[in-house]
Amino acid sequence: MPLGERAGDKSESRYCGVETDFNDDMPHVLHFNLYSGSFDFVVAPLMDHSYRPSLVQKDALGSGVLPFAGSDLVLSPSQWSSHVVGKISSWIDLDSEDETLRIDSETTLKQEIAWASHLSLQACLLPAPKGTSCANYARCVNQILQGSNNMQLWLRVPLVKPDDDSMDAKSVALVDSWETWNSFRLLCEHHSQLSVALDILSTLPSPNSLGRWFGEPVRAAILHTDCFLTNSHGCPCLSKRHQSLITGFFNHSIQIIVSGNSVHPKASVDANDNSGTNSQRHPLRPYLDYIGYLYQRMDPLPEQERFELGYRDFLQSPLQPLMDNLEAQTYETFERDAVKYIQYQRAVSKALLDRVPDEEASVKTIVLMVVGAGRGPLVRASLQAAEETGRKLKVYAVEKNPNAVVTLHALVKLEGWEDTVTIVSSDMRHWSAPEKADILVSELLGSFGDNELSPECLDGAQRFLKQDGISIPSSYTSFLQPVTASKLYNDVKAHKDLVHFETAYVVKMHNVAKLAPTQPVFTFTHPKHSDKEINQRYKKLNFIIPNDTGSAMVHGFAGYFDATLYKDVHLGIEPSTATPNMFSWFAIFFPLRTPICVDPGSTLEVHFWRCCGSTKVWYEWCVASPASSPMHNSNGRSYWVGL
Ligand SMILES: C[S@@+](CC[C@H](N)C(=O)[O-])C[C@H]1O[C@@H](n2cnc3c(N)ncnc32)[C@H](O)[C@@H]1O
């Protein structure tokens, strides 16, 4: 049974498993944990702990006997696949100096995985590597992954990081477990079926170092009963930090697995059980109940977030509104974003008030041109601003998409705007305007600000803006930050070509770790003060990875924009200043062909170029430190925006 519903949110449920000991009576294991215990699945050993291949007698014919497991028939195929995660024997040590142990370990790992595949299990939990070297373990896992079906392998690693104030003496000898994971997954070349199961202990490393994991493929968090505190009723509860970590796991669809013996025996006594026998109460049930309580008390996902669930970490090609004509449903999506148009209306109102003093309001008519009018929402916002401020307006709606122009005509007729609005079916770069504008309103912004060629289009439109005219927006700036994004990286890699590694994607980023604060990249200001200002740009950025993060993997860069519409009215998606409740833009993702590992406290030196040709504009990017990446997208060979 799922952990119940998150308040007001029927779309998402989370599951909770329990780690069990070996028991060859699997029907009993399932019955006890699922039906008496209400857990959703078990993480159960598939072999007796004492099994060692080297100790198994060969039969008379010399063929290997497989005495390691009971029959597959004890459970139905759907029970195996839905309710059992195979726990690979924890004694295995594939990098042991002891050859017998090493070979036994290899044999056992392969036998158990083969058996788990035979049972169609969805996942197996691999024990944590024993020492600092895990090359042979990774080699064998890699062999398995090469030949595997869809089964996921979860590498178990403890959530520890030394050199951290919060560490206790016991953990000091340990390495940063992220390093262990990183070595292992590099040896397995970021295989998409290799993921992580984190063992959560009673002490937690720093928030920054925890944050790294949200960009990694963490599938499960194993919560030990000794992490729990005791509340005033004698029941298990978690520290505030553990609670917020678990909430983070829920938000990232990471399954929780309870492990260990009950350390709250009193809480295990069923309050509703008056028989005094209490025979059926699962000893770990109070822990499950508490985890369910944490899930259910989470705030419901806002409606827009729920709508966008399907877009999370899904790579989309950016729009090319200049080269292509947008479709009706794309306009429809823009137009649902009321916040964007409210901001434009506020900007136009302020500009009108500045442009026309009260005493001239009844005599002076302002010429306002919406360039790239689409189906008309900025025309409407401008007219509303005029009404709100009592200013007189003459509007030109310039649009190059002939299909949107059809809708514009219908709108003007429907609203009775014929005397005020003139529709111009033209590319703003080539239109000969009959008069000059006081105010030029446009929204040609991409997720990275200038990536839909607003600078080039507005260069063309500036011809018909009065010398002292106002452009809304008056400027926009792009921003970047390095991210761990293993899912996005793997999705790009799945295309198996260079082109996809040199393309920027629009993405609703979710399973992503932001490794440093954003930094501004390119700024464009309108109107330009000189014809000599070019639209090419170059920027070198130095990102410092905080010391307490630990090492981290950079799979690419998240990009955003912020636009100043007019004076203090802005609109944008840069996380620290993002316009609340505005959903027209997701972030942009610039991938790296080879992910780069950065050390704590070190500097990541990144170079970005905006290049302009006669028919296209494109970005090139590279990392220069701590290691040099290849130059991405030279000459716009893979990704460009058409002029
Ligand atoms: C991002 S949409 C915005 C549409 C509308 N203003 C809105 O907010 O819903 C940009 C619009 O500008 C138009 N556009 C882009 N470049 C243009 C150009 N050079 N001349 C005229 N229209 C252009 C596109 O066809 C598209 O309709």
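For all residues, glycine too, the Cβ spot is worked out from N, Cα and C.
Features as listed in TrEMBL:
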- E443: active site, proton donor/acceptor (ACT_SITE)
- E452: active site, proton donor/acceptor (ACT_SITE)
- Y331, K340, Y341, E399, D427, M428: S-adenosyl-L-methionine binding site (BINDING)
- 39-297: domain 'PRMT5 TIM barrel' (DOMAIN)
- 303-472: domain 'PRMT5 arginine-N-methyltransferase' (DOMAIN)
- 475-641: domain 'PRMT5 oligomerisation' (DOMAIN)
- F334: site 'Critical for specifying symmetric addition of methyl groups' (SITE)
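Overlay of TrEMBL annotations on the structure.
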residue : record                               : DSSP class
Y331    : S-adenosyl-L-methionine binding site : helix
K340    : S-adenosyl-L-methionine binding site : helix
E399    : S-adenosyl-L-methionine binding site : strand
D427    : S-adenosyl-L-methionine binding site : coil
E443    : active site, proton donor/acceptor   : coil
E452    : active site, proton donor/acceptor   : helix
Compute the C-alpha separation of D427 (S-adenosyl-L-methionine binding site) from E443 (active site, proton donor/acceptor), stating it in Å without decimals.
14
Considering only the recorded positions F334, K340, E399, D427, which possess a Cβ situated under 6 angstroms from at least one atom of ligand 1?
F334, E399, D427
Enter the number of other CB atoms within 10 angstroms of the CB of E452 (active site, proton donor/acceptor).
23
Taking the residues Y331, K340, Y341, E399, D427, M428 listed for S-adenosyl-L-methionine, what is the greatest CA to CA distance in Å, to the nearest whole number?
23
Grab the pLDDT values for the domain 'PRMT5 arginine-N-methyltransferase' (303-472) and give me their mean, rounded.
97
How long is the line from the C-alpha of M428 (S-adenosyl-L-methionine binding site) to the C-alpha of E443 (active site, proton donor/acceptor), rounded to the nearest angstrom?
13
Sorted by position, what residues of the same chain at least six away from Y331 (S-adenosyl-L-methionine binding site) have a C-beta under 8 A from it?
G374, R375, A404, T407
If you count Cβ atoms within 10 Å of the Cβ of F334 (site 'Critical for specifying symmetric addition of methyl groups'), leaving out that atom itself, what do you get?
17
Are any of K340, E399, E443, E452 (the recorded positions) within 10 Å of F334 (site 'Critical for specifying symmetric addition of methyl groups') when you go C-alpha to C-alpha, and if so which?
K340
Between E399 (S-adenosyl-L-methionine binding site) and E443 (active site, proton donor/acceptor), how many Å separate their Cα atoms?
12
